């Protein structure tokens with residue numbers, strides 16, 4: 001998993017272009033595409049695109065470990081699988097900057113502590129709101145939960161449609177890509193993987 005996890009440095013505010021520079025870049029792209037950025041329908045587009053991208057790629061400003069920092073120890077002895085499935089997300093392919101639309105299924109085996117359920121969805125959101133590959137995102141989510149919560153094991157499955165395949169190139173609409181990552185007991189004990197997969201199928 002470590003070979004897949006990519007920890008790219010994030011530019012601080014001193015290294016980032018300004019809002020004005022981002023808007024000018026959009027104008028350049030519009031001209032390159034053959035459009036006139038000054039026409040009525042496009043006058044506000046550079047500003048809108050820059051603001052939208054600030055939200056879409058807001059994951060660069062967040063740290064997953066901070067979100068996962070608060071855990072609960074009062075679990076009444078519960079130590080079996082915790083599964084949160086069908087977590088919807090939108091991301092963007094780092095190769096073509098077009099959308100990836102999918103859902104994540106995440107499980108872990110508690111080791112005396114559990115997460116608030118919203119924290120798992122927030123971690124998915126943090127990594128989805130960056131330029132991504134599905135393989136890297138799968139591994140990043142598992143690593144963040146594994147290292148922060150230190151459970152007995154983590155299982156992550158992501159299924160998604162990549163619009164870089166649907167809109168361009170091979171143009172295969174509806175194709176779904178599945179990726180999985182397992183740590184701890186989910187990796188070393190095949191029976192735990194089977195239980196994870198069975199629970200996913202059982203809730204379909």
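Glycine residues also receive a Cβ, built from the backbone N, Cα and C atoms like all the rest.
Copied over from Swiss-Prot:
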- 93, 96, 164: Zn(2+) binding site (BINDING)
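Known features from Swiss-Prot, placed on the structure.
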residue: 93; record: Zn(2+) binding site; Cβ within 10 Å: 17
residue: 96; record: Zn(2+) binding site; Cβ within 10 Å: 15
residue: 164; record: Zn(2+) binding site; Cβ within 10 Å: 18
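Of the chain residues outside the Zn(2+) site list 93, 96, 164, 92, 94, 95, 97, 98, 100, 162, 163, 165, 168 have their Cβ within 8 Å of the site's Cβ mean position.
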